[in-house]
Amino acid sequence: MKSSFRYILVASFITAIAAIVFLQFNSNRSTNELINGNEDLMSVLKVKSELQQVQKNVAQLEAEAKSIVIRGEDLQDGRFQQQIKRIDNSFQLLDSFETNQTIGASIQELRQLVSRKVNMNTEVLRTFAGDGKDSAEKLINTQAGQLLSDSIRWLSNQIDERYQVNVTELIRSADNSGRQAKTFGTILAIVAVVTSLIAFGYISYKIIEQQRLIHRLNISELKARQSARVKENFLANMSHEIRTPLNAILGFTGLLKQEPELSSQAGNYTTSIHKAGENLLQIVNNILDISKIEAGMMVVEHAPFEIRHTFSDIRNIYNQKCIEKGLEFIVTIDEGVPQFLLGDEVRVTQMIVNLVGNAIKFTDKGSIQVIVTSRKKTGDAITLKFQVIDTGIGMTEPEEAAIFERFQQSEEGIARRYGGTGLGLSIVKDLVHLMNGTIEVHSKKGWGSSFIIEIPFQIAEADTIVDYGPEEAPGFINAQGRKILIVEDNELNQLLLQQLFRNWAIDFDTAGNGAEAIAYLKTQKYALILMDIQMPVADGYSTAGVIRNDLKIDTPIVAMTADALPGEKERCMAAGMNEYLSKPINESELKKMIAHGLQHENLYGDSGQQEHHGQQNLQYLKLEYLTSVSRGNREYEKEVFEQFLELFPEQLDALTARIEEGDPAPVSKIVHSMKTTVGVVGLDETFYAYFDLLEKNDEKTDHRRDIAALQKISHAVLAEVKEYYDKTYR
């Protein structure tokens, strides 16, 4: 229906244009005929006037000749010759009509008659000069002269009458042309008005239709944002509700596995429960990683790390599993690969662990190889090639093409036989792209698969890596004379942490919420605080704010949360916390973080403030997260501040423009980007309050006051960051 209407509209438009052109053409032609008729009328008047002038000049010529003869005047005065010239001048206009079909021949005949009349009078004067007056008078009195004058008069009248009849017909035709021009002009005006009304109606209809479409799109966008918020809330609740019991399951099964008196059967049961919990945790982590990637909140860090230590840890993780399956596990790092790199060690580990885990899962015999080589090096930039090769079940070409899609596995029976959700490789691909790398797979059914990743890195200096002493290695806890405050509302998690701390010989106190923690901190000094985020009475964010701003306590705070959603880590850092652990808490990670926190308190305490000498005077800038990531690498810190000073004003301008235009669609995306920018630097929690308000953007909400307030505080922040950057890094 819409298509046929479009064709009818186009046909009508073309017809209207053709009609306008036709009417305009005929109107112009009629107007030209009217103009020509007026010109012909003017020519009639001129012809009539010239004919009368010819007759007058001929009569004067004849009278001049008679006067000379009768009076005997001198022939040399030139008056007769002047009359001849006047006659010639009268014929100048008439001669232009010789080509006229109506009077052209008559004008030629008239010219001949006038010439004969001139010749006759010339002969009279010649006779007068030669034979005398009497002979000249006889010649004058002959009837020939009178007959010639009558012929001239009669022919002039005939020419005038015939030309007037012809011109009358032309005038009548011009009148008709004028009437036609008037008619065509009226029709043209009507057609133009009708066409304009139709065009106006159609344009108005399309504008209304477009406004309706925009309204529907805005509603759809609002529903999509609401759906995204529902999804985010669901993920948050799911994460919290699943991770909290998982924390107890994995923690207590880990403790049970360490019991020497546990029977073999009970040990197997405990191991099975622990593995099932780890599998469930992996599924939750994959879903949350996808959520982070979709929200644009997956942050790739550029921190120094030692790549051989990284792959040594990976070897240790999977070596026992390969031995249990009878597989050979080989990790090879080429000598050309630098020892120290700038990059995201966590994401590199996540990618390789995903690929190696898949390889072990789908390989029943043979080997798993991990090979790291250097591809190209330019200055301090280097591209590394990671290969994970297995001798497993392999894939067909169609399966290869879809292997990186979400929820894809090579066959329907794969999930039933091997388990898994089909999310791991999709996440690996997304992480590779986030790090500006490439990934490809080569496989043959029944022969195995080879995954190849290439990622660019920066080469780091050896002195940027934290070098732990033999008693300072992560995992070695020296808590003598120091106490840790556990702030946790869940009783199972309290029990787990208390048992772990007893095993590690760590003195501790336990607070059930933020208010109790504040009460403890007012009376005692602690070396480290483990802070849960979601708690009754006072949550982790507000409690951290009171500790930092009201109590002025700089004790390191480690956030513990089951909400591993996009931006959560950055929000914790901005609230004043120093480290971040997602639940369920891994025993070795917790042990490593506590050991590092206790043995390097100055990283967060006084010496850290001395290194960042302006911290105590900073109102908005919170350096805890940045310093914890950089580990003293000033070049990394400088680059982060430079990128912030460049990106944040652009993002603020873009956000302001979208809100002033009333365009809610891109606002959430810009806010997400700004959260990432702010989170990496580490700013006051105030920013997140504004961001939360702006993310709730819809048609009924006027955010101009919010954006004005955000602009005001942003200008102050930019000035503070710029001043700190100039003092510290220039």
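FYI, residue positions are counted from 1 along the chain as it appears here.
Each residue, glycine too, has its Cβ placed from N, Cα and C.
TrEMBL does not curate its annotations; it predicts them automatically.
On a predicted model such as this, the values are computed, not experimentally measured, just so you know.
According to TrEMBL, the feature transmembrane segment maps to 6-25 (among others).
Marked as coiled coil by TrEMBL: 44-71.
Among the features that TrEMBL reports, transmembrane segment is placed at 184-205 (among others).
According to TrEMBL, the domain 'Histidine kinase' annotation covers 237-459.
When pLDDT is averaged over the domain 'Response regulatory' (483-598), the result is 84. Annotation comment: TrEMBL describes 483-598 as domain 'Response regulatory'.
Residues annotated as 4-aspartylphosphate in TrEMBL: D532. Close to D532 (4-aspartylphosphate) in the fold, though at least 6 residues off in sequence, lie V487, E488, D489, N490, N493, G540, M560, T561, each with a CB less than 8 Å from its CB. The secondary structure of D532 (4-aspartylphosphate), as reduced to three states from DSSP, is extended strand.
Sequence annotations record features per position, and here TrEMBL assigns domain 'HPt' to 633-730.
Annotation comment: TrEMBL describes H672 as phosphohistidine.
Using DSSP to sort the residues of the domain 'Response regulatory' (483-598) gives these counts of helix, strand and coil: 53 helix, 24 strand, 39 coil.
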